[in-house]
Amino acid sequence: MIEFGNFYQLIAKNHLSHWLETLPAQIAAWQREQQHGLFKQWSNAVEFLPEMTPWRLDLLHSVTAESETPLSEGQLKRIDTLLRNLMPWRKGPFSLYGVDIDTEWRSDWKWDRVLPHLSDLTGRTILDVGCGSGYHLWRMIGAGAHLAVGIDPTQLFLCQFEAVRKLLGNDQRAHLLPLGIEQLPALKAFDTVFSMGVLYHRRSPLEHLWQLKDQLVNEGELVLETLVVDGDENTVLVPGDRYAQMRNVYFIPSAPALKKWLEKCGFIDVRIADVCVTTTEEQRRTEWMVTESLADFLDPNDRSKTVEGYPAPQRAVLIARKP
């Protein structure tokens with residue numbers, strides 16, 4: 001059973017303590033009523049993983065854990081099999097005692113694009129909205145964060161996160177909660193808030209920006225990464241039924257339009273830090289994610305377009321500050 005008591009004890013002693021007025025009841029309701037049909041199978045995979053304490057742990061350059069002496073073939077096989085029971089692995093990669101999880105996304109590439117533009121994360125309390133398996137939570141800790149909290153309602157991601165945590169020595173500096181941003185009160189408690197790969201899935205993107213702002217302390221920093229299209233501050237793509245085979249894509253603004261949205265929501269010092277086209281080297285099918293990936297979502301005769309005829313995915317990073 002995945003428990004959250006350690007997190008409750010941790011925040012009871014800091015400036016997140018007021019979250020305890022609502023959070024335990026929400027988690028209890030989730031445990032009673034909302035668990036996925038495969039959750040028991042996934043949580044069993046986590047439970048059966050061995051307790052490991054890394055001899056060498058690198059969260060600064062990657063997410064890598066090593067033992068002092070190589071694991072036996074049987075130990076490696078056990079870890080590998082249990083981690084494969086948590087497929088598909090979308091966000092990573094992870095290197096855990098000789099088991100290399102080659103995830104669909106090279107999330108380390110995204111981190112390398114984002115990191116140079118951030119305020120120093122040393123000592124910061126961070127929220128990562130839609131954090132997936134929690135890969136970036138560990139990289140935030142590697143960059144000096146005091147506490148990294150991720151929220152994502154996808155229960156497979158929770159189990160993947162807890163599996164990695166167990167293999168990292170039960171590290172308590174990062175935590176993942178199975179919640180959506182709309183379930184959080186206005187905590188106004190995080191020094192940095194990340195929203196990466198979420199905005200285009202929201203029916204009301206400006207409401208999402210307000211929700212993110214409500215989580216930041218005054219002078220806190222927002223890091224927003226999302227799909228964009230080319231154009232000026234009035235350009236927004238509203239896809240039809242699907243975009244790159246995804247049904248739940250609602251609004252894809254240009255980077256200048258997104259900057260304007262942030263300013264309309266009251267953010268200041270808004271800047272476009274990076275814009276780049278997503279490549280089939282960064283998002284692709286692997287043995288840890290065996291279904292369709294980006295190459296299958298692009299027009300085979302014109303890779304600058306999706307199969308639906310829209311511009312192929314490009315992503316922007318915007319940095320903003322709450323006054």
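We count from 1, first residue shown onward.
Keep in mind that glycine also has a Cβ here, set from the backbone N, Cα and C atoms.
Record note: Swiss-Prot gives Trp105, Lys110, Gly130, Asp152, Pro153, Thr154, Ile181, Glu182, Met196, Tyr200, Arg315 as carboxy-S-adenosyl-L-methionine-binding, and the candidate from Lys77, Lys91, Lys264 in that site is Lys91.
Under DSSP, Lys110 (carboxy-S-adenosyl-L-methionine binding site) is assigned to a helix (H, G or I) in the three-state scheme.
Listed in sequence order, Gln211 are the same-chain residues at least 6 apart in sequence whose CB falls under 8 Å from the CB of Glu182 (carboxy-S-adenosyl-L-methionine binding site). Under the DSSP three-state reduction, Tyr200 (carboxy-S-adenosyl-L-methionine binding site) is assigned to helix.
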